[in-house]
């Protein structure tokens, strides 16, 4: 374990800003002498970053094709003139909403409240792009769209898979009007199946229609094993229901669910909690399909496999299925083509896509949801004062505790910096490896996962340390990543750990251990 003496510093905790970029510090450690200088530097840096992003995002608005979705556009007052009758028509279909100018503007306003307006802006940019006739203008616009929405770290980067990004990168070398079709289709499906249902239940829409949330056939009927009238009720009722349903305490491993989506899904009570959360987001079909595929792969009998495959196809895969999942046309067509002669791998590609969606999109939101937080609070009531106080003595003692580690990981996830603890833990496991061949394989995986440029969980290291690791990988040893691990540990010890001790998570744990938690029920 690496240690470093803690210095006495001034901690400044500004109000959390969810729209801030990931790289922006959530707090500053300043000495009195440095306070004035640092404040000036920070202001200058933010102004530069804002100007850079503004220049890029404005590239696409020069033609005046979609000013209505420019974040810098002044707020329109037209929505106040929309009649309830007109607004109600928007619930007929997503297409109807986009066909109406006021509907488009209101939907964009809603997406801005969710910090996902890049989806509608990209879709509109693609619609405008496909109308371009000039070859030279087509090439110019293609590059602009790529720079603003597609490339890694783009100012308005959309969430698409690596394969689609690579295809687009190749397409823009010789751009055609169908250059962005695949990405546009994915973004459209995301808005239709995910954002649109939430829009119809939002205050923005309901205030226009002056009605309650849409009911009836607008959404799939919920076949719930336990029904919650609202999220407030879900906070407490799910925990009680889980305790009644399971013979042993189902809340014992709640804190471990934050480690990974796999930990969540391998736990029966975790599956139930996750499913209840997805119901509140009207995307329950994803977990149901994934679970159905898991059961399907256990089938040995050929007749039963054929029967089950057809049920899964009818329920989740075919167009207009009652619980249709969001997969690309190629995958859907491939399943349709082979459904008459199914095998154990028939749904593998589709299941992998849905798993990716659950892991990247739904799981992080679940960890921040009231459903998970309420379960977490109830499980934490069992922790005693001594153990929680023990965590505050040092980062080392925090990481030595199973629950302390779980809480710290959950905190880092909330700050989008969980790659640090994951890298540190991976290095700890790596140093235990005895086999030379296994060490070589593991070292390569660690490098690809955390070290190399654009790695999926790239940690923040200087060039010299990265270069040293590359050289070490030629003949890997147990000390291959020591320098990087030490840097990451010091970062957590001096940066993340003090913030954790000041966080609401830790403060509430301490209050609960004293019987004073604000969430404790009398």
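Note: Cβ is positioned from N, Cα and C throughout, glycine not excepted.
Note that TrEMBL annotation is computational and uncurated.
Annotated features in TrEMBL:
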DOMAIN    93-209  domain 'RGS'
DOMAIN    260-376  domain 'RGS'
DOMAIN    394-510  domain 'RGS'
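Residues in the domain 'RGS' (260-376) partition by DSSP class (helix H, G, I; strand E, B; coil) as 85 helix, 0 strand, 32 coil.
Secondary structure counts, DSSP: the domain 'RGS' (93-209) has 84 helix, 0 strand, 33 coil. Residues in the domain 'RGS' (394-510) partition by DSSP class (helix H, G, I; strand E, B; coil) as 85 helix, 0 strand, 32 coil.
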